[in-house]
Amino acid sequence: MGVKDRESYDTAACCAQAVIVTPIPDKIEERWKLMLTDCFFRSLSHLADFSELLGLKDYMGVMMFITFAERVVPVSDQRVHVTEELFDGVEVVVYQPKLQGGDTELRRAVIYLHGGGWCLGSARMGPYDLLARQMVIDLNSVVVSVEYRLAPEHHFPVPYEDVYRVVKHFLQRVVLAQYTVDPGRIAVSGDSAGGNLAAAVSQQLQQDPEQQLQLKVQALLYPVLQALDLNTPSYQQNQNMPILPRTLMVRFWSEYFTSDKTFFRAMMTNTHNSPESAALLKFVNWSAFLPESYRGKYNYSAPVVALSAGGAGSDGPSRSIADPRASPLLVPDAALRSLPKAYVLTCEYDVLRDDGVMYAARLRRAGVEVTHEHYASGFHGALMFTVWPTDFLIGRTMTENFIKWLQHNL
């Protein structure tokens, strides 16, 4: 067996851990519907593993079927005007209320960043199109949905840079005037990997000396916020939960940084930290930031530090994981104090639960006003399951509460 074959075999072996089916917790509503939905996701994941093993198509290339299957053509309707535009060279879909005669009132605006692990997803997917229209109608707002470039074709920091360029472009008075937007009522929001990008952009804007206009709020929906410790209690408790098992989240992180499967295997065993990133582990020490109710039966053990994680060297992915643009949870408290008011949504049955809980705790400690909404029966991705046949009551509830928070705070 050659080196390449061995790497493919080892990767498949790591991914095979996701085959284990864990009974869906009783607290989750519509369990059978979730079981059937997850069966489809797991089947596609296994097909993607097999395709990559045979050298037919890479894993993410197969998983993109989900994105293509849910893609829609955003068009205007009776209440919402939709246009597809370029903001500083980046594709965006802009949703606006249809103007009534003589209507010159300045509006709110929401810059929305889709999820999908930086590798999947699109602003043009049905659930995101539906969410954008609902925000336009319920908030009388302009919504800018960003079609940032995806990994693995475009590794970090390209997706982040695309988003940052869009936000900088939009936060110009001349652009805001074009869309009748109030410069003091602009939010950035995103789910999962989109929440990661929203948090990172909020931080970096505050540190930009040339930036005159700032965001009023940030809304982070089950965000992924750090890549240093992939064995937090929620990663352990929910390692085989539906929609986003630990193996898939680790693969998303790995593919965001590199196509080197060696780094993926290091991340799977939580041995991917270099001395440089290890110096920042204090910011993700869950024994310090997680309330006891979230720690459960788990005891803290600091991740192993390798001299060269995954053989990547100081200029590779082991340096990227320490970059706050990739891991917003790593910034010191001083960088958090000036951040805008935050909404953080977390789900009990989600490997990313503790990322959001720790960030909410650190923001509060830094003096930022935070609303942390935790769903004890929630699972990752629920906000996007609002379209038949995968429409879940909890998804609609999350959407209503998220928009209600924006109504009161934006």
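Note: Cβ is positioned from N, Cα and C throughout, glycine not excepted.
Feature annotations, reproduced from TrEMBL:
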type	residues	note
DOMAIN	110-263	domain 'Alpha/beta hydrolase fold-3'
ACT_SITE	SER192	active site
DOMAIN	319-383	domain 'Alpha/beta hydrolase fold-3'
ACT_SITE	ASP350	active site
ACT_SITE	HIS380	active site
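There are 28 other CB atoms within 10 A of the CB of ASP350 (active site), with all protein chains counted. The residues of the domain 'Alpha/beta hydrolase fold-3' (319-383), classed with DSSP into helix (H, G, I), strand (E, B) and coil, number 24 helix, 19 strand, 22 coil. Within 10 Å of the C-beta atom of SER192 (active site) sit 28 other C-beta atoms, taking all shown protein chains into account. It is 10 Å from the Cα atom of SER192 (active site) to that of ASP350 (active site). Across the domain 'Alpha/beta hydrolase fold-3' (110-263), mean pLDDT in this model comes to 97.
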